[in-house]
Structure formats: C-alpha cells, structure tokens
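The following features are taken from TrEMBL:
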DOMAIN    200-330  domain 'Photolyase/cryptochrome alpha/beta'
BINDING   438, 439, 440, 441, 442, 476, 576, 577, 578  FAD binding site
SITE      510  site 'Electron transfer via tryptophanyl radical'
SITE      563  site 'Electron transfer via tryptophanyl radical'
SITE      586  site 'Electron transfer via tryptophanyl radical'
REGION    700-723  region 'Disordered'
COMPBIAS  708-717  compositional bias 'Pro residues'
C-alpha cells in the first residue's frame with residue numbers, strides 16, 4: 001500500500017494519488033485500488049469521473065466503483081455535496097477501518113490518501129502492510145541552476161518515514177508540468193513494484209480517431225511513461241471495394257492537417273507512412289524505433305475486424321505488446337445482447353436495452369497536457385505525398401472549404417452552436433429539409449474528431465440544465481442510437497454491407513439499368529425533392545437525413561435498381577461516408593431488416609414533400625430552375641398548367657426533365673417484384689422469424705459472459721456461413 005500524505009492542505013494530495021493510481025493501473029499485471037479518506041470534498045471522485053453510491057455485495061460488503069481500471073472507494077460517495085459534516089478523529093479512524101474491512105477490494109496494490117501518522121497506526125492495528133510514503137511538492141528545482149528549495153523542510157518526509165519504520169518511496173517536486181514530474185518519479189518506485197519493465201517506445205496507431213480529447217489509446221500510451229510515436233498509415237488498397245471516396249479523402253486530408261496542429265501544440269508530431277497493408281508499415285516502424293508496444297482504438301466494420309486481428313497476431317509473433325480500446329461507440333457490441341446471448345435484430349429493442357444497462361457510457365477523458373517529442377530519426381512521409389487526392393480532385397473539391405471546417409475545433413464549434421440554437425426544437429424539426437434542423441456533425445464523428453461519449457454527455461448536461469426538453473434530447477440521442485446499432489449489426493452480421501440480412505430479399509428482380517442509374521445520380525429524375533437532395537449531395541458532399549431516405553427509396557422502390565449501387569454512389573459522394581451506417585440505411589429502406597417496412601412499401605412522394613418542404617424552400621435552393629413555381633406545384637411540376645409553367649420559365653423535358661417513370665408504373669413494377677420475392681420466402685417463417693433465425697445462427701459474441709477485459713478489443717470475427 002502506498003500513502004500520499006501531507007500536513008498541509010491544497011498541496012495536491014488528491015491529484016497525486018489519482019495520477020499514481022491511473023499510472024500504475026496501466027502497467028501489465030497491476031491491480032490497483034484507490035482509498036480516499038478525504039472528508040472535506042469530492043475531489044477524487046470528480047477526477048476519477050465517478051459518482052453514485054456503492055452497491056452492496058452478497059457478503060454485505062460495499063463494492064468499489066471502478067474507472068480507468070482502478071477500483072475506488074471514497075468518502076465522497078457517501079456524502080452529499082450540500083450537507084455539512086463534522087468529523088472527529090475516532091470517527092474518521094472507524095470509517096477508514098470500515099473502508100478497508102467492509103469493502104470487497106479483492107487482491108490489489110493499493111494507494112491510500114490519508115494522514116500519514118494516524119493512517120499508519122490505524123493500518124498497523126488492523127494488520128494491513130504499509131510499504132512506504134511518497135512526498136508531493138517536496139521541493140522546487142530552479143530550471144537554470146537546478147538548486148533545490150525544500151518547501152516543507154528538507155528530509156521532513158524521510159524523518160517521518162524513519163519514525164514510522166517505513167521507506168520514503170519518492171519525492172515529487174513542485175513543477176509547472178506536474179504530470180511530467182510524476183512520470184519521472186515513477187522510476188524511483190519501479191524497483192519495489194510487481195510489474196513489467198516500462199517499454200521505451202510505444203507506437204500509437206491513429207485511424208478514425210483523429211483527436212486528442214477522449215482518446216483512450218492515447219491516454220493509455222502516455223500512461224506507460226514511454227516515448228509515444230503517433231502514426232497514421234495510408235493503405236487504401238486493403239479496404240477492397242470500399243476504398244475511401246473522393247469527398248471522404250478530401251475531408252481526411254484537412255482533418256489530418258488539423259490533427260497535426262493539435263499534436264504539435266502538445267509537443268509531438270504525426271508520422272505518416274504509405275503501404276499496401278497497415279501491418280507492413282507498422283512492423284517496419286517497430287523495427288526502426290525498437291517499440292515494444294502498439295496501442296490503437298478498434299473499429300467494427302468487417303474489413304477492420306479482420307485486419308485488426310491479423311495485426312494483433314503479427315504483433316504477438318514479433319513479441320510486441322498490443323492493445324486496442326473502445327473510442328467509437330457508447331457500448332461495446334458484445335455488452336448488449338438479447339435473451340440467450342443472441343444479438344438484437346430490432347433497433348428499438350437494441351437501443352432500449354442499451355439505455356437500460358446498469359451503468360452509463362463512460363465519461364469522456366480529458367486531453368493530455370503535453371507529450372514527449374518524437375525522435376528526429378523517425379522518418380515520416382509528407383502528407384502531400386500520401387496520394388490522398390489527385391490534383392484534379394483537389395481542385396474540384398476546393399469549394400467544400402467554404403462550407404466545412406474539418407478538425408476537432410470545427411466539430412466542437414458546430415456542436416456548441418447546435419446545442420444552443422437547435423437542440424430545443426430537434427424533436428419537432430429534425431425531419432425538416434427547408435431549415436437547419438440537424439447537427440451536421442456526421443463527418444466529424446466518422447473521422448473521430450469528436451467522440452460520441454462527449455456528445456452524449458453534452459446532451460445529457462443540456463437536458464439537466466434545462467437547455468432542451470427531455471423529448472428533444474431523447475430524439476437527438478436516438479439518432480446516435482442508429483449509428484450505434486449500425487456498428488452493432490456490422491459486428492454481429494458482418495455480411496450486411498454486401499447482401500440482405502433477410503435472405504428472401506436476395507431474390508429481388510433488379511433492373512440493372514445504367515441509364516436510369518446515371519439520371520438518378522445526376523438529379524435528373526423529374527421528381528423535385530429527389531433531384532434537390534442528389535444535387536445538394538454533389539455540391540456539398542452532404543445531404544439531410546430525410547433527403548437520403550427519399551432518394552434511396554426512389555432508387556430501390558421506384559426504379560428497382562440494386563441498393564448496393566446506391567450504397568456505392570453515396571460512398572463516393574458523401575463526406576461522411578460510413579460503411580456501417582450507410583449499409584444500415586440502405587438495408588432499412590430496401591426492407592432487408594426485420595424491423596423495416598416490407599419491400600412492397602413505397603413512399604408517398606407528395607406526402608413527403610408536403611411534410612418536410614411544404615413551402616418548397618429546399619427545392620428552390622437546389623433547383624433554381626423551379627424557383628418561380630408556386631408551392632402548390634413546385635413538387636409536381638408535371639401537373640402544373642402549361643401557362644403557369646411558361647410564366648415560371650420551366651420547360652419540362654428541356655430545362656427540367658419529365659419524370660423518369662410515373663408513380664403508376666412504379667407501383668405496378670414494385671408489385672410484380674414483390675410477388676417474385678414472396679415466392680422465395682420460406683412458407684413457415686415471416687421476415688421477423690427469419691431475422692431471428694439468422695441471429696441465432698450468426699451470433700458472434702463469445703459463449704458465456706462478455707469479455708472480461710474490453711480494452712483488449714473485439715474477439716476475432718467468426719467465419720460465418722451465409723444465412
């Protein structure tokens with residue numbers, strides 16, 4: 001047990017205790033508990049991001065709360081902030097004894113925040129071994145001459161330790177960079193601690209987590225005390241048919257520029273490498289730097305799941321410690337399961353189950369204060385030489401800079417503005433296309449410039465502070481729930497980006513008409529709401545969520561073109577192209593999911609237009625040729641009187657196309673296609689039962705309980721048979 005003690009108040013005992021606990025917990029083999037006997041404030045619970053009352057075990061003992069792999073028991077858990085408390089010495093000692101004997105700590109290497117003399121006496125009386133004392137803010141070292149000025153007297157802590165029969169395990173000097181002093185002092189503790197040697201260099205592999213705030217892999221790497229080498233590998237070839245599209249690569253370029261600046265502000269730099277496979281580049285960097293560990297944040301799309309497990313196997317073969325962390329979702333996919341350990345196949349059931357878990361999503365981690373400089377001998381490719389964009393693509397995408405600001409700073413500005421101005425009316429306006437009704441955070445979230453945990457807690461704080469109603473906040477969090485569910489489905493059913501979850505829909509008689517597909521891509525269908533959405537996408541790289549649904553439904557249900565074609569077009573044209581979310585959206589629109597509308601269902605485009613763009617503002621913005629038409633006719637110009645069309649300057653078939661297909665023709669073709677699909681169905685099972693059968697056969701979670709150590713990352717994906 002390590003004591004952090006001082007006779008003075010406000011000198012940093014709590015900060016030192018928390019930093020020591022978290023730093024020790026990051027070392028392999030360490031099991032750390034933090035005992036906080038400070039009765040004057042909840043500083044330790046706040047720094048540990050813990051709140052609530054401890055549960056009581058079957059043995060009638062308190063169960064410590066845990067975060068950052070540290071089990072914590074604090075007086076702050078048992079006291080109310082606004083209630084005064086009067087403590088006398090015997091009461092404190094009695095409470096401390098209960099904290100030791102009345103808490104199920106397990107086998108731990110403990111850190112106690114306590115008065116040294118009283119604490120040692122008390123723990124000796126109850127037969128708890130005390131190893132030594134750490135003195136915080138011991139002295140100030142002049143940066144010019146290194147002269148030491150002892151703040152509380154030289155050797156005071158050493159004399160106290162000698163009187164108590166203990167060792168002085170270390171002195172932490174007063175320093176303007178206290179975390180650096182703390183990490184330096186850990187070397188003096190390492191001789192007596194049962195852990196492996198701290199690695200000299202750690203590779204930190206960034207992908208879609210381009211941020212320094214709430215980045216678990218970054219914090220874990222820094223906690224090792226090693227030199228951290230941030231690296232980004234551009235290996236587009238290993239993505240197969242889903243290599244990043246034109247707009248997505250534009251965003252990535254400027255997101256990396258912003259991330260470079262964030263790392264430079266901390267004193268580090270980002271090392272770029274170009275390779276056909278990430279594994280090749282990482283192994284080469286390990287050989288060059290002598291790194292003994294690789295940390296990264298894991299992903300859930302099928303391509304990344306396979307790649308990440310292959311890299312972990314390669315690191316194990318090379319004798320390199322490898323760990324991955326969750327920085328992409330609120331809850332790991334294997335934590336939310338239906339009865340019998342099977343994955344949910346209904347989004348509503350999944351989200352209700354996730355929100356009913358007995359623990360909330362972890363609170364976001366703060367950014368580090370500083371990082372060590374990357375050694376100069378570590379060579380990096382220039383960002384401009386990675387080949388993210390051709391010169392022609394760079395020129396054609398330049399207009400996007402007028403609309404978007406990639407990077408964490410732009411993400412936080414966007415979130416702040418949305419919460420202050422639009423969150424309160426989100427439940428009423430979220431589907432309106434004629435106004436700013438959504439957060440537009442999707443590209444920032446996809447590239448990890450802002451974390452979903454941070455957004456979740458910001459919205460919850462807004463709800464608690466009365467900024468927005470519970471209904472508005474719940475409606476916004478439900479949109480986040482769709483993203484969570486998309487990753488959940490991709491993890492448990494890794495084929496959903498290529499074929500239908502419901503197997504009978506693979507018999508759909510698609511048209512495979514390239515002419516119709518080209519007209520749809522270019523926004524020349526003759527249906528204004530559809531054309532406006534597709535032209536917004538082409539111009540800005542982004543499209544309102546309702547427009548995405550309308551355009552996708554028109555492709556699948558009206559034109560009977562394969563949903564995979566639409567997925568690939570969105571993939572190339574969207575700034576926020578996201579394999580899991582896009583696959584979920586297209587499968588839902590196409591009726592491929594258990595909780596989707598049946599394939600035979602067709603959107604009523606007149607009703608959609610009246611609900612989401614009643615005055616035609618959205619259409620007028622993206623189809624200026626129709627701007628002079630009155631609202632009554634702007635969504636169905638083919639029905640407008642010829643004189644009115646002439647007066648508005650609209651020539652159907654000349655400056656605006658006639659409908660590619662009439663609604664009657666669409667309904668008849670869809671009915672014929674639905675009849676073919678019905679014949680392919682198993683008679684005894686409806687769509688929901690089929691999905692449940694699929695879920696039972698394709699459950700990818702390990703048998704039994706969820707993995708005991710989520711930071712180790714997702715289990716290796718099973719090779720699944722086609723349902």
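Using the three backbone atoms N, Cα and C, a Cβ is placed for every residue, glycine included.
Keep in mind that TrEMBL annotations are predicted by a computer and have not been checked by a curator.
Recorded features from TrEMBL, shown on the structure.
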residue	record	Cβ neighbours (10 Å)
438	FAD binding site	21
440	FAD binding site	20
442	FAD binding site	19
510	site 'Electron transfer via tryptophanyl radical'	14
563	site 'Electron transfer via tryptophanyl radical'	23
576	FAD binding site	21
578	FAD binding site	23
586	site 'Electron transfer via tryptophanyl radical'	24
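Residue 442 (FAD binding site) is 17 Å away from residue 586 (site 'Electron transfer via tryptophanyl radical') when you measure Cα to Cα. Checking each of the recorded positions 438, 440, 510, 576, 578 against residue 563 (site 'Electron transfer via tryptophanyl radical') by C-alpha distance, the shortest gap belongs to 510. Separation of the C-alpha atoms of residue 438 (FAD binding site) and residue 510 (site 'Electron transfer via tryptophanyl radical'): 33 Å, rounded to the nearest whole number. When the binding-site residues 442, 576, 578 are compared by Cα distance to residue 510 (site 'Electron transfer via tryptophanyl radical'), the shortest distance belongs to 578.
Summarised by DSSP class, the composition of the domain 'Photolyase/cryptochrome alpha/beta' (200-330) is 64 helix, 28 strand, 39 coil.
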